[in-house]
Amino acid sequence: MMESKSPVCNTCGEEIGVKPNGDFFVACQECSFPICKACLEYEFKEGRRICLRCGNPYDENVLDDVDTKTSKIQSTLAPHINNTPQDSGIHARHISTVSTLDSELNDEYGNPIWKNRVDSWKDKKEKKSKKKNKVPKAQEHDSQIPPQQHMEDMPPNAEAAATDVLSVVIPIPRTKITSYRIVIIMRLIILALFFNYRITHPVDSAYGLWLTSVICEIWFAVSWVLDQFPKWSPINRETYIDRLSARFEREGEESQLAAVDFFVSTVDPLKEPPLITANTVLSILALDYPVDKVSCYVSDDGAAMLSFESLVETADFARKWVPFCKKYSIEPRAPEFYFSLKIDYLRDKVQPSFVKERRAMKRDYEEFKIRMNALVAKAQKTPEEGWTMQDGTSWPGNNTRDHPGMIQVFLGYSGARDIEGNELPRLVYVSREKRPGYQHHKKAGAENALVRVSAVLTNAPFILNLDCDHYVNNSKAVREAMCFLMDPIVGQDVCYVQFPQRFDGIDKSDRYANRNIVFFDVNMRGLDGIQGPVYVGTGCVFRRQALYGYSPPSKPKMLPQSSSSSCCCCPAKKKPAQDPSEIYKDEKREDLDAAIFNLGDLDNYDEYERSMLISQTSFEKTFGLSAVFIESTLMENGGVPESVNPSTLIKEAIHVISCGYEEKTEWGKEIGWIYGSITEDILTGFKMHCRGWRSIYCMPLRPAFKGSAPINLSDRLAQVLRWALGSVEIFLSRHCPLWYGVSGGRLKLLQRMAYVNTIVYPFTSLPLVAYCTLPAICLLTGKFIIPTLSNLASMLFLGLFISIILTSVLELRWSGVSIEDLWRNEQFWVIGGVSAHLFAVFQGFLKMLAGLDTNFTVTSKTAEDLEFGELYIVKWTTLLIPPTSLLIINLVGVVAGFSDALNKGYEAWGPLFGKVFFAFWVILHLYPFLKGLMGRQNRTPTIVILWSILLASVFSLVWVRINPFVSKTDTTSLSQNCLLFDC
């Protein structure tokens, strides 16, 4: 590969120049974005003094003492790419000059045989390995910039670069973020002083209680550090959809917007109503996006005939619904939620025909709902002989655990058109093959099957996955994501764009913190300022190449700089020696990347030569035995290879979803959705970040997607249990963020801390249960965990409480989160910690160490036919017992404490207040749980009350009897002293 002697400016393509001391010119000390002096001067002249990549302001003296030497060697790659129609745009693979010239020679002199092609590829690998082993000292600085970054296809001048920017970073105002950081540091210092006092002042009369409390408090402090510091640099982002349209949708020309494949997953239509799934599909088909760029794949992992028939009805109704949405620009484009809006639907509508057509469309939708309800009613009882299709043949999926793969294409280019004769987006039904004896990996396996099917049929460069109950609330959501992924500056190394989750149907008080506002509006924005948000399982737009396990085309690495420019929280340090296993993986990944240079134009070969070439590069061991799919993985800009016969695509698609396709491949290990945990989303995003990719957090003013959440107590705890169990599984796996990928050095420190926090938070349940039990013990025994406070100790405790309050207030200030949302989040942190998280820890260890899989079943009662009626449903589950027991124990302790104070007199009231305050802290945090347990009419299951009272009573009686934490009195000396008196 031909490389220039210095980094290339991302704006004009010239060398960036060097300083008199020999170091390369660095404009931005934060991200080392390569830009030359001339382009930087133009930016300053236009009043733009912030970095185009990270958004940080440039140093005012950055233009001093710069040697603007130009390169003697001019790259011929950029003109070649610009003159190539299929490679135009920002997603063209950055191939080498040698590869470009080779392609030109092939066109002039004919196609060489495949062996020469492979030999040239091997020669390049040998040259590349020699360069790795011996790097001249004069080029040490240059070696730190990836080759792809030298050849980025950027706008020809600075003015074009400025106007082509599709998104910008908006930092939090310094007045807000600086005070926030200062308080965090102050709180850290106060915590250190607090623990110094706690450890050096034990309570001898209750040593066990004191030791337990100190251990719990140290764990809480560590947990706070892991949660707090990833929020050190929160940012906001702004997109420019109009610029996106102006650049890629020019009038009179075909749209150049990238295609997107949508994935919708469903399993059991009786638990996931087909009407909800239909609304999700309809909202996708009606997107404000070119119809030929949208394909929707629905995965039916339960092989239910009900899902198939409901999709047939959905496709038929879409012929009316899609043109109606686009004609009147309605929002949202899910009919169930559009017609249920309690707003003035005539606002901003000027067409006289709107009212008439809306009434007709609402009537059509009501008829559609009736047909869907009829299908659901019919499916309630399965016939003994199984389901039969309309043509009289048996439904292939009658046995849900043993059936062939099924694919049915609706709508699309060759399918039915809408009622106005316009083309509709493609809709595809997919049910992967299942056979006994094969591991299917649940949702992750279904998503990987969709990745392969979509690659064979449409092969869009981007993938957006949604849960079946999450509909598109903003028809321009995909355009929002494309402002990042198609941005020539930002999108180079972005693996996915994550949208926040928003929900419908939640009570106004959000009793059980279903909205997760603090996580989505605080934590995720903090991560966006580091390496990007974590993947949360839905509402995410992926770059397909990132799912295939490739490294980013340009890995942004810090150029050598002085220690003064390093981050205060992440000091520069020497890169550790790489682990041999990591070196092997990197070489393997580089082999795949290098192979792309030679396999990018497979159309020049006949079928035999193509198959031999693919075999030589060992792609089959990675991606599986499908030549069509392997060819699709090499097309970064997407599209189906021209050499493929369209008539064989469905057959090939059936092949790639066979149950044995993934055997002896890298699926679920290095590519696609990663297996090994029921929370496959965390693992998948973590692996991408470890490879050096970045992710983006997009928060449009109108929420992009909305879904439904369980709002009653039992279902909410069951959901939290599943998330916590997945975190425990990751903690006990080889992908544990504590050590996985440490030697690679591509995951930033604060990003790693965030991932560590996502897998260790369930273990906080152990100290939390102990800490919530301490107040009752103190009240029952008359002892306390803190000795008599001096003035200095009182000031220390007061300072700690003030720092906690100030941290929360300043966090609310920059994030815009309400204090009620913050309080609900704190309450449910305690509720979930003493119930679902506790069960997840024990279940995780049983499952991973002993192979026992314990299930917590939930049986429901009927709900009242009222708004939020489901909120008051009480369902029996063992998750309710621990928090109920803690409530009863603390309430009993409060009563016992007051009784004891009344008996002892005035002197006992002072120590009582500290203990009662401690107990009320627990009761207030568990209050939403108590409210949910009571329901609307105090209909708590009898078994819950009986078990809780029994456990609380037994615990209290045993405690009073053994009294373990109170120092024992020496009865021998006491009896001797009694002999001295005349009793």
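Just so you know, glycine gets a Cβ as well, placed from its N, Cα and C.
Feature annotation from TrEMBL assigns active site to Asp301, Asp681. According to TrEMBL, the UDP-alpha-D-glucose binding site annotation covers Ser265, Lys271, Glu272, Asp301, Lys442. For Lys443, Asp467, the entry in TrEMBL reads Mn(2+) binding site. Marked as domain 'Cellulose synthase RING-type zinc finger' by TrEMBL: 3-59. Among the features that TrEMBL reports, region 'Disordered' is placed at 120-157. According to TrEMBL, the transmembrane segment annotation covers 177-195, 207-226, 759-780, 792-810, 830-852, 873-896, 908-930, 942-962.
A contact between the transmembrane segment (873-896) and the transmembrane segment (759-780) is present, since 3 or more of their C-beta pairs, 6 or more residues apart, lie under 8 Å. Residues of the same chain lying 6 or more positions beyond the ends of the transmembrane segment (177-195) and with a Cβ under 8 Å from any Cβ of it are 171, 214, 217-218, 221, 225, 228-229, 232-234, 796-797, 799-800, 803-804, 806-807, 810-811, 813-814. With a cut-off of 8 Å on Cβ pairs spaced 6 or more residues apart, the transmembrane segment (830-852) and the transmembrane segment (207-226) reach fewer than 3 such pairs and are scored as not touching.
Comparing Ser265 (UDP-alpha-D-glucose binding site) with Asp681 (active site), their Cα atoms are 14 Å apart once rounded. Between the CA atoms of Asp681 (active site) and Lys442 (UDP-alpha-D-glucose binding site) there is a gap of 13 Å, rounded to the nearest whole number.
Comparing Cβ neighbour counts within 10 Å across the binding-site residues Lys271, Lys442, the minimum falls on Lys271. The two recorded residues, Glu272 (UDP-alpha-D-glucose binding site) and Asp301 (active site), have Cα atoms 12 Å apart. Separation of the C-alpha atoms of Asp301 (active site) and Asp467 (Mn(2+) binding site): 13 Å, rounded to the nearest whole number. The UDP-alpha-D-glucose site, placed at the center of the C-beta atoms of Ser265, Lys271, Glu272, Asp301, Lys442, has further neighbours from the same chain whose C-beta lies within 8 angstroms: Thr266, Val267, Asp268, Gly302, Lys443, Ala446, Cys468. The sparsest Cβ neighbourhood within 10 Å, among the listed recorded positions (Glu272, Asp681), is found at Glu272. Mean model confidence of the domain 'Cellulose synthase RING-type zinc finger' (3-59) amounts to 72 (pLDDT, 0 to 100 scale). Below 8 angstroms of C-beta separation, residues 206, 209, 212-213, 215-217, 219-220, 223, 226, 682, 724-725, 727-728, 730-731, 736-737, 830, 833-834, 837-838, 840-841, 844, 882, 886, 889-890, 892-894, 896-897, 900, 915-916, 918-919, 921-922, 956, 959-960, 965 of the same chain, each at least six residues beyond the ends of the transmembrane segment (759-780), sit close to that stretch. Those residues noted as binding UDP-alpha-D-glucose (Ser265, Lys271, Glu272, Asp301, Lys442) have their most widely separated CA atoms at a distance of 16 Å.
Broken down with DSSP, the domain 'Cellulose synthase RING-type zinc finger' (3-59) shows 9 helix, 6 strand, 42 coil. Taking the Cβ of Asp467 (Mn(2+) binding site) as reference, residues of its chain lying under 8 Å away and at least six apart in sequence are, in sequence order, Val264, Ser265, Gly537, Thr538, Gly707. When other Cβ atoms within 10 Å of the Cβ of Asp301 (active site) are tallied across all protein chains shown, the result is 22. Summarising the environment of Ser265 (UDP-alpha-D-glucose binding site), the number of other Cβ atoms within 10 Å of its Cβ, over all protein chains shown, is 23.
Distance noted between the C-alpha atoms of Lys443 (Mn(2+) binding site) and Lys271 (UDP-alpha-D-glucose binding site) is 15 Å.
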